[in-house]
Structures are given as structure tokens and as C-alpha cells.
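Visitor: For reference, the structure I am asking about is given below.
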Amino acid sequence: MISTANGSFSAFRNNYLAVYLTVMMSDWLQGPYLYALYQSYNFSMYDIAVLFITGFVSGAVFGTVIANTADVWGRKKMALLFCLTSSTASLIRLSSNYHYLVVSHLLSGLSTALLYCVFEAWYISQHQRKGFAPALIGATFSTAIFLNGLVAILAGIVSNVAVEWSGSMAAPFVISAGTLVVAGVLISTSWEENYGESKTNASGSVLKTMLEGLVVLKSDVNILSLGMAQTVFECCMYTFVLLYTPALEASIKASGSMESLLPLGYLFSGMMFCSMMGSVAFKILSSRGVKTDNLLSLALFVAGASFCFIVLNTANTSYTVLAFLLFEFTTGMYFPSIGTLRAQAIPEQNRTGVMAFLRVPMNFAVIAIMLRVDTMPVTEIFQICALLNFVGGLVILWRTLDPARGAGGYTAAQTVDEAHEL
């Protein structure tokens, strides 16, 4: 009987992992050559930045409503919608028409919101419905995260080989669309539909949740300090995603040589490997008793140093690449650190509202920086990123040294009362 149950869970888990890793492969394939593809269409850096902003804002807007919508419409249907929107966005990028590409990034924003909400929700609901042990949920997600890192590395290699073989930077996007067809077939044939709790007056519920989150933020300096760290690091991370390709091109040009086709896929694989190593470093240091606050401040300080390294070595391509790899290493340390500290600091009943508000300043900061890419040299933008990370590191260091950190805050009843007053 036990062996039958184990076999049933293994089949269920493996089916989910097959779908999840396939859709993640499609997403990773689009990363290495996106900027280079738009550059080949002769768009300015500002034009490219606007496209990135379009996807960024689209994802933020759809992200506020997609969970409730999936609960009502069905998560399997929404997973299939992800395959449709993401594959359509990939294929539209074969066109050099700027207006079509704006639509592509609007669809990408929607698909990103679906990707990071629907698949996880479907798995948890189905896992519970089948009566499997709750502890196995964490084991599945841990396996998924590890394998996703390997898939990201593989995606970089595949994209590089595809570009070299075809001579076109659009090739990875065609392959991405193909993997989404495979994912769609798997979902259609092997997934059961499931739903969440029906939400009545969803818009009012969202507003109430947001107001309660604002009350918690007003009352807790501990959470605000984490919010500042999140804002500075993730703002710099999204800026890096846009600018690392032109920064590398500028470094190669300054060194006196310029390859016609940069191995951006292989570089992407290397950066993803370093991100995995940062996650491993977090686990090792945490197991040895290093406080999570110290790991977060370390990640911020090292990230700031990596941006300084880029700025000071603009004519040395090897050092520039090493700085890229160092920054990606810090992302592997940052995400488990900030996730752990948020889980400890933010009350469960207010988590959604607080998390939504914490992203607001980051969204504005990313947009403000990206809209200046045509008037500010890349080195100046990276100087700002270095400064921001150092400030964030100092804030978290102060948080660690302050014995009263985390004191105060509101009870759930107080939070609801003040939210009504607002």
C-alpha cells in the first residue's frame, strides 16, 4: 500500500516538474538575446528601455488581479492561457514593427504574472486534494528550484548554439514558442482542473487588502528597512538585465576588439551558474549559524562592489565579465535572504497587501532609471546602482545592530480598524 502511494506521488510530482521545467525553459530561452535582437532592429537604447518598461508595468498590473481570476476561472485554463500568451509574445518578436513589439511586451507582462502564480497554486491545490503529506510540497518545490537552475544554464547554451547555427538572434524565440506548445499539450492531456475559493466583490477585497498592508508598513520600521533593501537591490537587478549587454559591448570596444556575434548565451549560462552558487553559499552559511540579516547586508555590499568593479574596469572585458558573474552570485544570496526575513517580519494576514506596497517604490525607481538610459552613460547608471546597494547594505546593518528592531507593530484587529479609517 505504501509503495503504491509513493508511486502515485512520484508520478504526480514528475508530471508537475515536467510541465514546470518546460515552461521555465521557454522563459529562460528568451533572456540572453532579447536586447541584442532589438538592437539588430536598429532601435535606440531608449526605445528598448520603453519596451522593457512596458512588460514590467504590465506584469505589475496583472499581478494584482491574476490570482483571484485564476481561482474563479480555473488554474488549468490559466496555465494554458500562459502558454498561448507567452508563445504569441515570442513569435511577435520576430517582427521589427515597434508597435507589435509593444503588444508583445504587454502579453509578456501577463504571462509573467501567470507563470509565478498559477502553476504553484495548481500544484498545491492538487497535492492537497490527492491527500499527499504536506511536507512533500516543500520537497517538490526544493527540487523544482534546483532543477530550474540547471534548466537556466541549459537554456543559455541552447540559445547560443541556435544563434550560431542559424545566424539569427530570433532563433531562441522560435524554440521558446515550440517548448510552450509541448507544455500546452502536457497540461491539456495530464492536468485536472482545480479552483480556489470564489471571491465576491474582488475589487473591494483587493482595496481592503492594500489598505491593511499600508497600515502595517506605517507601524513597523523593521518591514520598512526590508522594503528599502528590496527596492534598491531589485531596482539595480532589473537595470542590470537591460544594460549588461551594452556594457559588455562598450567594454569590448574600449579594449580595441569587437566580435560580430557575442556569445551571450554562454555568458547567460555562466551567470545562472553563479546565481546557483550564491544560493548554495546562503545554505552553507546559514547552516553554520550566520544570521540572515548579515547575509542580506553582505549580498548588498558585494553587489555594490560588483557595480564599482564594472565602472573601474570599462576597458577590460575579462574584469567586466567577472563583475557580471559576481553580481549574479549576490542574487543567489539575496533572494533566500530577503524571503526568509520577509516571512519573519510580515504578519501572514497582511502579507499580500504589504508585498504589493513594497513593490511600488521599486517599480517607480526602475522606470525612472530606464527612462534616462539615453541621456546618461551606462557607467553613471552603474555608479548609482553601486551607491544604492551600499546604502541598502548600511540600512540592513543598522537593522541588525538595533536591539529594538521589529518591536512594535499592530495587531490584526488594530490593522483592520485603521484600514477602515483610511
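Cβ coordinates are placed from backbone N, Cα and C, and glycine is handled just like the others.
Whatever TrEMBL says is automated annotation, not expert-curated.
As listed in TrEMBL for this protein:
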type: TRANSMEM; residues: 16-36; note: transmembrane segment
type: TRANSMEM; residues: 48-67; note: transmembrane segment
type: TRANSMEM; residues: 79-96; note: transmembrane segment
type: TRANSMEM; residues: 102-123; note: transmembrane segment
type: TRANSMEM; residues: 135-158; note: transmembrane segment
type: TRANSMEM; residues: 170-191; note: transmembrane segment
type: TRANSMEM; residues: 223-244; note: transmembrane segment
type: TRANSMEM; residues: 264-282; note: transmembrane segment
type: TRANSMEM; residues: 294-312; note: transmembrane segment
type: TRANSMEM; residues: 318-335; note: transmembrane segment
type: TRANSMEM; residues: 356-375; note: transmembrane segment
type: TRANSMEM; residues: 381-398; note: transmembrane segment
Visitor: Among 79-96, 223-244, 264-282, 381-398, which stretch has the highest count of C-beta pairs below 8 Å with the transmembrane segment (356-375)?
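Guide: Result: 223-244.
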Visitor: Should the transmembrane segment (16-36) and the transmembrane segment (79-96) be scored as in contact, given a threshold of at least 3 Cβ pairs under 8 Å and pairs 6 or more apart?
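Guide: They do touch: at least three Cβ pairs between the two stretches lie under 8 Å.
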Visitor: Can you say which of 102-123, 223-244, 264-282, 318-335 has the most Cβ pairs under 8 Å with the transmembrane segment (381-398)?
Guide: 223-244
Visitor: At a Cβ cut-off of 8 Å, and with pairs 6 or more apart in sequence only, do we get at least 3 pairs between the transmembrane segment (102-123) and the transmembrane segment (48-67), yes or no?
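Guide: Contact criterion met.
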